[in-house]
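*Asks:* This is the structure I have questions about; it appears just below.
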Amino acid sequence: MKGVQFLVAFVLLALASKLDFCVAINDTKDGVFVNGKFCKDPKLATAEDFFLPGLNIPGNTSNQVGSMVTPANVQQIPGLNTLDISLVRIDYAPYGGLNPPHTHPRATEILVVVEGTLSVGFVTSNTDNRLFTKVLYPGDVFVFPEGMIHFQFNIGSTNAVAFAALSSQNPGVITIANAVFGSDPAINPDVLAKAFQLDQNIVKQLQSRFWWGNN
């Protein structure tokens, strides 16, 4: 039985790979192919499946980190499914708006600054943990390799705006501080105290501060 299921899945994937596109669909009763997500019958696809308005609208940066990421991935544009590309707009508040250290487990990112001045960087894997950093101005471009922890920080006195393309329709994001100190359920404070060489009370304080990310 498992062999038959595998064969069916293989055939469906082979068929899907020959399509011009594979518009993601949530209601599987209208789906005819499977390739990462259930795919809409191509005959039922419309221009709206490939369209998203609104990236000209500034994001609200009135939050703890002073930034807002507005995504344009397969969740917003179903036609991106299987195309290995997506986009984000990032807005940064003046005087320290931060897109905190994070990683995309499934994508490389290429970022271009449109407004403002950003200090950006990424850190390589163990054991080098080498920091690559640069100050970017409008028109400057910087690449963050897949899986590397990276950040952007507004060092200017005005709003900053950047756009970034990512090499996945669903790149994923893991914000380091939120994941470590704001996990649900919380990581044992003893683990974090030893890992970060901190007093357990400080760890508990950090956990209480980052819990907002999961609420």
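Cβ coordinates come from backbone N, Cα and C, glycine included.
Automatic prediction, not curation, is the source of TrEMBL annotations.
These figures come from a predicted structure and were not determined experimentally.
Pasting the relevant annotations from TrEMBL:
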- ASN99, HIS104, GLU109: oxalate binding site (BINDING)
- HIS102, HIS104, GLU109, HIS150: Mn(2+) binding site (BINDING)
- CYS22-CYS39: disulfide bond (DISULFID)
- 53-204: domain 'Cupin type-1' (DOMAIN)
- 1-24: signal peptide (SIGNAL)
*Asks:* Would you kindly give the Cα-Cα distance separating HIS150 (Mn(2+) binding site) and HIS104 (oxalate binding site), rounded to the nearest Å?
*Replies:* 9
*Asks:* Around HIS102 (Mn(2+) binding site), which residues of its chain at least 6 apart sit with Cβ under 8 Å of its Cβ?
*Replies:* ILE149, HIS150, PHE151, VAL173, ILE174, THR175, ILE176
*Asks:* Given the recorded Mn(2+) site (HIS102, HIS104, GLU109, HIS150), which additional residues of the same chain have their Cβ within 8 Å of the Cβ centre, ordered by sequence?
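*Replies:* Result: THR103, ALA107, PHE122, PHE144, MET148, ILE149, PRO171, VAL173.
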*Asks:* Using the recorded oxalate site (ASN99, HIS104, GLU109) as reference, state which further residues of the same chain have their Cβ within 8 Å of the centre of those residues' Cβ atoms, listed in sequence order.
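*Replies:* Sorted by sequence, the hits are VAL88, HIS102, THR103, ALA107, LEU111, PHE144, HIS150, ALA164, LEU166, PRO171, VAL173.
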